[in-house]
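Colleague: Below is the structure I would like to discuss, written out as structure tokens.
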Amino acid sequence: TFFFPGLTATEKKLAEYKCNTNEAIQLKLVRFPEDLEDENTTFNPEYSHQVFGDDEVAFGYKGLKILLYYIAGNLSTLFRIEYTSRVNEKFDCVEADDVESKIREIIPPGFCTNTDDFVSLLEKEVNFKPFGMLLHTYSIHNEEAGEDITYQIYKADMTCPGFREYHERLQTFLMWFIETASFIDVDDERWNYFLVFEKYNKDGATLFATVGYMTVYNYYVYPDKTRPRVSQMLILPPFQGEGHGAQLLETVHRYYMSSPTVLDITAEDPSENYVKLRDFVLVKLCQDLVCFSPVKLMQGFSQEMVTEAQQKLKINKQHTRRVYEILRLRATNMGDAEQSRSYRLDVKRRLIGPYKKKQRELAKMRRCLRPEEMTNQLNQIDLNLQREQLEESFQQLVSDYRRVLERLAQA
């Protein structure tokens, strides 16, 4: 509930009818009928601004609940709206938001609106099988269950029967968990889809639950190569923090590594979390390459590293440079003044590139605008600020790199 001091009685009354949509939307991945009543299986969106506006508020209801329940495997959907009371046009002279049509815009038709229909669909879930070609199987020990759980990664495309409809249901999760999500043009054949499933048992049968997925677009590179670009990647909240993202990204890299026509793999507008994940996966892949031996790392970044990482692992130059910096940090004794200084200079030399470019542009502008002595003074101020920013960037980078190395040590 929102409280607004100093409002008129009517305004106060209407303020009580505002609901935070991130709290109102309740999501579930349902395996058993009892999951429907179990609050522990409910999770909420991180974002709802793409559907409900920047305030992430729905007006006109008290106790609003927007239920979006999905069957764990094929993602058949139950959509229902509940509330304790609603503003009335006759008495309150205002209209409630049309919540239902806003949700209908993003979820595909064919959903259930009552629980009985949903439960009867749940009974057919035993027939659901993952789409496409199996690429990788792995298991993770689950403390709570006290056993190893098996997961599988598949590559699918729109020719797989039923996949188009399944993907329409799956992509609705993007709206709630990726800040700038958008739906893709599935009729473009250059998209690849990679899906993660968990295998679980129900009444003696093996079933599959959706864990997450990644979409990759294959760009053409002249004359005869492609450059796959990761577009969207989402591990659903109940499975986050278990290492599935790393398994998925590594599997996708390995899939493209075997293709002679692939040049290298990039990502579209990557988030901070994705960059950290990519650092970990690429360092894990690269650490055994000959060109990244400790002796070679101490000699500095080389063309040999760029070539070997690109040819063997489909990693581009920019990402190879980060891998080099992380592995060199591991090989460097930061307690040794000489080694530490050498590492710091090496990384800062790369970081200063954009500053130098900016400096040259500023100098050009100032020559046209101001007398010489002012230019010098301003450059001096700039340099001090630049040194501070550079040091800050360096420290931040090293702390990110250390986290990657810690994770690597545990892997």
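Backbone N, Cα and C atoms are what each Cβ position is placed from, and that goes for glycine too.
All annotation found in TrEMBL is predicted automatically rather than curated by experts.
When I checked TrEMBL for this same protein, it listed these features:
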type	residues	note
DOMAIN	17-179	domain 'Histone acetyl transferase HAT1 N-terminal'
SITE	W191	site 'Interaction with histone H4 N-terminus'
ACT_SITE	E268	active site, proton donor/acceptor
DOMAIN	278-329	domain 'Histone acetyltransferase type B catalytic subunit C-terminal'
Colleague: For W191 (site 'Interaction with histone H4 N-terminus'), which residues in the same chain are close in space, meaning a Cβ under 8 Å from its Cβ, but six or more apart along the sequence?
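Modeller: Correct list: D157, M158, I184, D185, T215, V216, Y217, N218.
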Colleague: Could you tell me the mean pLDDT over the domain 'Histone acetyltransferase type B catalytic subunit C-terminal' (278-329), as a whole number?
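Modeller: In the predicted model, the domain 'Histone acetyltransferase type B catalytic subunit C-terminal' (278-329) has a mean pLDDT of 96.
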Colleague: Around the Cβ of E268 (active site, proton donor/acceptor), how many other Cβ atoms lie within 10 Å? Please give the count over every shown protein chain.
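Modeller: Taking all protein chains shown, E268 (active site, proton donor/acceptor) has 12 Cβ neighbours within 10 Å.
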Colleague: Within the domain 'Histone acetyltransferase type B catalytic subunit C-terminal' (278-329), how many residues are helix, strand or coil going by DSSP?
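Modeller: Each residue of the domain 'Histone acetyltransferase type B catalytic subunit C-terminal' (278-329) counted once, the result is 41 helix, 1 strand, 10 coil.
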